[in-house]
Amino acid sequence: MKKIRAIVITGNGTNCETEAAHACRLGGFDEAVIAHIAEILSGEVRLDDFHFLNLTGGFLDGDDLGSAKAQANRLKHAGVAGTGEKLVEQFTRFIGAGKLILGVCNGFQLMVKMGMLPGFDGDFLTQRTTLTFNDCGRFQDRWVYLKTDAASPSVFTTGIEQGIYLPMRHGEGKFLCDSPATLERIEREHLAVLKYSGPDYEAATMEFPLNPNGAQNAIAGLCDPTGRLMGLMPHPEAFVHYTQHPRWTREELPEEGDGLKLYRNAAEYVRKNLV
Amino acid sequence: MAHRIEVALKESVRDARGERIKREIEHFLHLAVDEVRTIDVYTVDAALTPEELQQAAAGPFSDPVIQEWSIERPLAAGFDFAVEVGFRPGVTDNVGRTAREAVEYLTGRPFVSGEGVYYSVQYLLKGAFEVADVEQIATGLLCNTLIQRYSVLSAADFMAKRGFAPTVPKVLAEAKAEVREIDLNVSDGELLRISKEGVLALTLEEMRIIQAHYRDTQVVAERATVGLGANPTDVELECLAQTWSEHCKHKIFSGTVQYEDEEGNKQEIKSLFKSFIQRTTRDVRAKLGDKDFCLSVFKDNAGVIKFNDQQSLVFKVETHNSPSALDPYGGALTGIVGVNRDPFGTGQGAKLIFNTDVFCFADPFYEKALPARLLHPRRIYEGVVEGVEHGGNKSGIPTVNGSLVFDERFAGKPLVFCGTAGIMPSEINGQPSHEKSIKPGDLIVMTGGRIGKDGIHGATFSSEELNENSPVTAVQIGDPITQKRMFDFLIRARDKALYRFITDNGAGGLSSSVGEMAGECGGCRMDLAKAPLKYPGLNPWEIIISEAQERMSLAVPPERIDEFLTMAKRFGVEATVLGEFTDNGVFHILYDDRTVAWLPMAFMHEGLPPLQLPAKWEPPRHAEPAVEVKGDYSGDLAALLGALNICSKESVVRRYDHEVQGGSVVKPFSGVANDGPSDAAVVRPILESFEGVVTAHGICPRYSDIDTYHMTANAIDEALRNYVAVGGSLDLVAGLDNFCWCDPVLSEKTPDGPYKMAQLVRSNQALYDICMAYNLPLISGKDSMKNDFYDGSTKISIPPTLLFSVIGKIEDARKAVTMDVKRPGDIVYLLGKTGDELGGSEYFALKGAIGNKVPLVDTGRAYRRYQAYHQAVTQRLVASCHDLSDGGLAVAAAESAFAGGYGMSMELSRVLWKGDMAGKSDATLLFSESASRHLVTVHPEQREEFENIMSGNCFAAIGVVTPEPVLAIVGLNGAAVVRAGLAELKEAWQKTLREL
C-alpha cells in the first residue's frame with residue numbers, strides 16, 4: 001500500500017512541531033516529517049511530496065507585527081531556491097491537488113492572514129477574517145469545550161457528535177470578520193466548525209472563561225467550503241492521550257484524547273481519496 | 001529620510017491594549033480616565049519608493065480586517081493628550097527587527113548599513129488631565145526612561161505640529177577603536193577611583209594584585225614581544241574585572257571564612273563551595289555507589305543526570321535580580337532566555353523541555369514611600385511577570401512549576417529565579433553527550449545576535465548593591481525569536497557533529513565564554529575586529545565584555561567550518577569565526593591584528609587569593625507571642641487563605657503556557673474546576689514513553705529571621721515533599737541550590753557582615769546535613785550575593801533566601817497523584833507529626849509576629865515515610881496527596897477540599913503530636929508548619945493495603961471526605977473549631993490577586 005505522508009513546518013518561532021508530528025503518527029500517517037522552513041525555501045523538502053500539511057502553534061517571528069503577519073508576508077514573497085517559483089505557488093498547488101491543511105493556533109492565524117481561510121470561491125489568498133487580541137488582554141492557557149457543527153463540510157471533524165475538550169494557549173485568538181456578509185456566509189455554509197461552549201456542548205457562549213477571547217459568534221475553528229482546509233485556535237495535538245487531560249486523575253477517561261480524532265480523520269481521508 | 005507609518009485599529013474594533021492601560025492608570029495611579037486608544041508607529045529609515053512604503057503599510061504592518069494605516073499623516077483623533085513611547089538608541093527593538101525583515105522580503109532587497117525600522121507606540125488619552133498627570137502616566141506606567149524615550153503632546157499642540165515628527169533612535173557614533181592604557185603606578189586612593197569610576201567592582205586588594213602583575217619584569221618583557229607596554233590596556237583590565245567579579249568568580253563562596261558559633265567555638269572554612277556544596281555531592285554519590293545517577297556536576301553550564309539508558313536530563317536555575325530591579329520587563333525576559341542557554345550549552349547541547357519560575361516581590365499593594373530609583377513593587381510585579389511570560393511562551397518551552405513569594409524587604413531588590421531543564425540522548429555521534437572538549441587549532445565561532453553596548457558591566461554591576469548611579473547599559477532586552485532560530489540551527493548542527501564544544505555567552509560576554517573555553521585547551525587568539533556589531537563605534541573593551549543577548553560561543557574543527565557556516569546561513573543565523581584556540585597558555589586578544597590584550601591564563605583564572613570573611617553566629621531572640629485561644633478559627637483560616645504567600649496565583653500562572661510540547665501530566669492546577677494548586681509538575685519529555693520527569697521546589701525566606709539553618713532545612717524538605725507528593729521516585733532525584741543573599745562582607749556599609757556571613761555558613765551546614773540524609777546530590781546552582789539597596793541613607797537588605805529545586809523521575813507517569821480530594825467517603829490521613837512550631841509561620845505573620853520555634857526537620861523519619869508513601873503510590877493506593885507548608889494543616893485541608901469539590905471533616909485529637917504537650921492547642925494543630933507532612937486521601941477499600949505499607953511510620957487517619965461542601969474541623973475539646981463552606985474558602989483564596 002502506498003504511504004501516506006504528513007509534513008509539519010517549523011522554524012522562525014514555531015513551537016508545537018514535535019507533538020503535532022506525534023499526533024499525525026498516532027492518527028495513522030505512515031510518516032510525519034518535521035521540516036524547517038529553511039529546508040523548504042532551499043528546495044530540499046517539497047510540499048508536493050506530502051498529503052497533509054500541518055501549520056502548527058508557536059510565535060512566528062515573535063508575533064511582532066501581529067500574530068503570524070510576518071510569516072504570511074514571507075510565504076507570499078519568498079522564493080524557493082533553484083526553482084524560480086515562489087513558495088506560495090507550492091501552497092496553491094497543494095490545495096489544488098485536493099490535499100489537506102490543518103492550522104492550529106499560530107498556524108490558524110497564519111492561514112487566516114494569508115487568506116487560505118475561509119477560502120470562498122476557491123480564493124485562498126484574500127484575507128477576510130482575522131484573529132486578534134483576546135478581550136481579556138492577556139495570554140491564556142486553559143481548557144475549553146468546543147461544540148462541533150455536525151453539518152460542517154470539515155473532513156477533520158467527521159463523526160464527532162457533540163463536541164471536544166481541548167486546551168487553548170494564546171493571546172490573539174479573538175475571531176473577527178471583515179463584514180457581516182462574511183460572517184453570515186460562514187454561518188450559512190457551516191464553515192464555523194467549532195464554537196466555544198459549556199461542558200454540555202449545547203450552546204455557543206460568549207461568557208469568559210468558557211469563551212476565552214471574545215471571538216465573534218464564539219468561533220474557535222473554521223474550515224473552507226471543501227472541508228479540506230481547517231484552522232482552530234485550541235490545540236488538538238495536545239490532547240491525544242488521557243494523561244494530558246487536566247482531570248485525568250479523577251475522571252474515567254478513554255485511552256485516546258479528543259484531539260486525536262482530527263488526525264485519524266485526516267489519515268482516513270488521505271487513504272481513501274489521495275493514494 | 002525617515003518615513004512614519006501609523007497603524008490604528010478601526011474605530012469599531014475594541015482596543016484591548018488601550019483598555020488594559022486604562023485599568024492600570026485607574027488602579028495604579030488613581031487617576032480618572034475616559035478612554036485610552038493606541039496606535040503602532042513604524043519609523044522606516046530606508047530608501048523605499050512610495051509604492052513600497054504603501055505595500056509595507058498595507059501588507060505586513062497592518063491587518064485589513066481590523067486596522068487602517070497612513071503614511072506621513074497622523075491617524076490620531078478624539079483625544080486630550082498623546083504620548084509616544086519608543087526605544088532609546090541601541091536598545092533591542094524586536095518589532096523593529098521583524099518589520100525590517102518583512103520589508104526585505106517584500107522588496108527582495110536587503111537593507112544597507114545604517115538603514116532600519118524603529119517601532120514605537122502612541123497612546124491617546126482621553127480625560128480631564130493636567131500636564132503633570134500625563135507626565136506621571138508616561139513615566140509611571142507607559143515608559144521606562146532607562147531604555148525608552150517618550151514625548152507628550154496636548155491635542156492642541158498635536159494639531160499645531162501635525163503630530164509627532166519622525167524620531168530615528170539610531171546609535172550615532174564614530175567608527176573608532178580606541179585602546180587606552182591605564183597607569184597603575186598610582187596611589188591606593190587612585191586605584192580605588194579607577195575601579196569605582198570604571199564600574200570594575202574590584203577591591204583595593206585586587207587592584208594591588210593587578211598592579212603587582214604589571215610590575216613583574218618577566219611579564220613586562222613578554223608583553224614587549226607582542227608590542228604591549230608595561231601598563232594594562234583597558235581591554236585587559238575589563239577582562240580581569242569580569243573574570244574576577246563576584247558574579248563570575250563567586251568570591252564569597254570560595255573565600256576563607258572564620259566562623260564562630262553561639263558558644264564561641266571557632267572554625268576555619270576554606271571555601272563554602274568546596275566544603276559544603278561540592279562535598280555534599282561527592283559524599284552522596286559515594287553513598288549511592290552503583291546507583292549513582294550523576295553524569296556531569298558543577299563543571300558545565302548546567303548539571304546532567306541520567307534519565308534512562310538512552311537519555312540524560314539537564315537542569316539549571318539562575319537569577320536575574322539586579323537587571324529586573326532596573327527594567328523589570330527586559331531584565332526578567334533576559335533572565336528566562338538567558339537560562340535557556342545554560343542547558344542548551346551543556347555537554348554537546350540539550351533540547352529544552354521545561355521552565356520553572358520563582359519570583360520574590362514586595363507587596364504589590366505597597367502604600368508607603370520608597371527611596372528614589374526603586375520602582376514600585378506593583379510595576380516590578382507586572383514587568384517581571386510579563387517579561388518571563390514573553391520569554392518562555394515565545395520560546396516554546398512550557399513553564400511547569402513556580403512560586404510567588406512576598407516580603408516587604410524584596411522592595412530593595414526583587415528576586416527573579418528562572419530555571420530550564422533539557423534532555424539529550426546519552427550518546428551523540430558515538431560520544432557521551434555530557435562531555436565535550438577543545439583541541440588547539442579549533443576555531444572560535446560566535447553565533448546568534450550581534451554585539452552592542454547593551455549589557456556592558458552587567459557582571460560587575462550585579463556584584464554591587466543597587467544605588468542611584470547604577471548604569472543604564474547594564475540592562476539588556478532578550479530576543480526569544482533570534483535565540484529560537486539559533487537553537488533550531490544548532491541542535492541540527494549538533495547531530496551532524498559540526499562543532500566540538502558549545503557554551504553560552506552570558507555574564508561577562510566573550511571575555512567570560514571564550515575565557516573559560518580557552519581554559520579547556522590552554523589558550524586562545526581572538527580578533528575583536530571580526531565580531532559582528534549592531535552599530536559602529538564600539539571600542540574593543542566594549543566588544544569583549546558586552547552582554548548582548550542570544551549568542552553562543554563554539555569550538556568548530558577547521559575541517560567542519562565550511563559546512564557549519566553554510567548551514568548557519570541557510571537557517572538565517574549569523575555565525576562568525578573570531579579566531580582560534582591555542583595551547584600557549586595565553587588569552588591573546590587582537591583588534592585588526594594589533595594585540596590589545598595578553599593575559600596569562602594562570603593569572604586570569606588563579607591569580608586571585610581567597611577573600612577573608614569573618615562570621616559570627618548569635619541566635620536572634622524574638623518576642624514569643626501568646627497563641628490565641630478561641631472557639632472558632634474559621635476567620636483566621638480565611639485570612640490565611642487570602643494572604644499573599646498562600647493565595648491563588650492563577651491570574652499569573654494562566655499567562656504562562658504550561659502545556660506546549662504536549663507532555664504535561666500534572667499541571668499547575670488540579671481538581672474538579674482545574675484550579676487547585678498542584679504541589680509539583682510531572683511531564684513526559686518523550687511522547688512515545690510514559691516515563692515522567694518530576695520537578696518541584698522549596699523556598700521559605702521567613703524562617704531566616706530565626707535561623708538560616710532551619711530555613712534551608714525546611715526549603716529542601718519542602719522541595720522533596722512536593723516532589724514525593726505527586727509520585728517522584730527517591731531513587732533518582734537531584735537538587736539545585738540557588739542562594740540569594742544580602743551582602744555578607746564586613747565593611748563600612750555592612751557592619752553586620754559577620755552575622756550575615758554566619759547565616760550563610762549555617763545555611764550551607766544544613767544543605768550538607770539534609771541532602772546527605774535525603775540522598776540528594778547537588779548538580780548545579782548559583783549564588784547572587786549582593787541583594788541590597790543602599791542610597792547612602794536607606795539600606796534595604798533582602799532576607800537570606802535559598803531556592804531549592806529538585807528534578808527526578810517517576811517510572812510511570814500514569815501513576816502520578818494530584819492534590820484534589822477525589823470522592824466522598826475516602827479516608828483522610830495525615831502523614832507525619834505536628835509540633836509547637838509556629839515560629840516564622842504565616843499564622844504568626846498574620847498576627848504581626850515572628851516567634852522563635854521554627855519547624856525542625858527530622859530527616860530520618862521523613863525519608864522512611866517518603867519511601868513508604870512512594871510504594872503506596874506505585875501500587876495505586878493513593879487518591880490524593882497535598883503537601884503541608886505555609887498555613888499548615890488547615891490551609892492544606894481547605895485547598896484539597898475545594899479543589900476536589902467535596903468537603904472534609906476531621907478531628908484534631910487524632911493528629912499525631914511531637915514534643916512538649918504544653919504547646920499542643922487547636923491553633924498549633926491547625927496552623928503549625930511542622931515539616932515533612934502530607935495530607936493524603938485513600939479509598940476505603942484500599943485502607944488496609946495502604947496502612948500495611950505505611951506501618952512503622954508516623955501517620956494517622958484524622959477524618960473523611962464528605963459529600964457536603966464544608967470543611968469541618970473538630971477541636972481538642974470536641975467542639976467545632978473550623979466550619980466553613982468551600983465556596984467561601986475558595987473565594988478568600990482566589991480574590992487577592994485575581995485582578996492583577
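Cβ coordinates are placed from backbone N, Cα and C, and glycine is handled just like the others.
Unlike curated entries, TrEMBL annotations are predicted automatically.
These figures come from a predicted structure and were not determined experimentally.
According to DSSP, B:His247 (active site) is assigned to a helical segment. According to TrEMBL, the active site annotation covers B:His247.
Per TrEMBL, active site, proton acceptor is recorded for B:His320. In this view, B:His320 (active site, proton acceptor) is surrounded by 30 other Cβ atoms within 10 Å of its Cβ, with every protein chain counted.
The Mg(2+) 2 binding site annotation in TrEMBL covers B:Asp342, B:Asp504. In the three-state DSSP scheme, B:Asp504 (Mg(2+) 2 binding site) is classed as strand.
For B:193-251, the entry in TrEMBL reads domain 'Phosphoribosylformylglycinamidine synthase linker'.
Among the features that TrEMBL reports, domain 'PurM-like N-terminal' is placed at B:300-424 (among others). Across the domain 'PurM-like N-terminal' (B:300-424), DSSP classifies residues as 46 helix, 42 strand, 37 coil.
Here TrEMBL flags B:439-587 (among others) as domain 'PurM-like C-terminal'.
Taken from TrEMBL, the feature domain 'PurM-like N-terminal' applies to B:678-788 (among others).
Here TrEMBL flags B:823-968 (among others) as domain 'PurM-like C-terminal'.
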Whole-number Å distance between the CA of B:Asp342 (Mg(2+) 2 binding site) and the CA of B:His247 (active site)? 15
Going by C-beta under 8 A and a gap of 6 or more residues, the same-chain neighbours of B:Asp504 (Mg(2+) 2 binding site) are B:Asn301, B:Gly338, B:Arg341, B:Asp342, B:Phe344, B:Gly345, B:Ser513, B:Arg551, B:Met552, B:Ser553
Look at every Cβ pair spanning the domain 'Phosphoribosylformylglycinamidine synthase linker' (B:193-251) and the domain 'PurM-like C-terminal' (B:439-587), keep those 6 or more apart in sequence, and say whether at least 3 of them are under 8 Å. yes
How far is it from B:His247 (active site) to B:His320 (active site, proton acceptor), counting Cα to Cα, in Å? 11
Looking only at the domain 'PurM-like C-terminal' (B:439-587), report the model's average pLDDT. 88
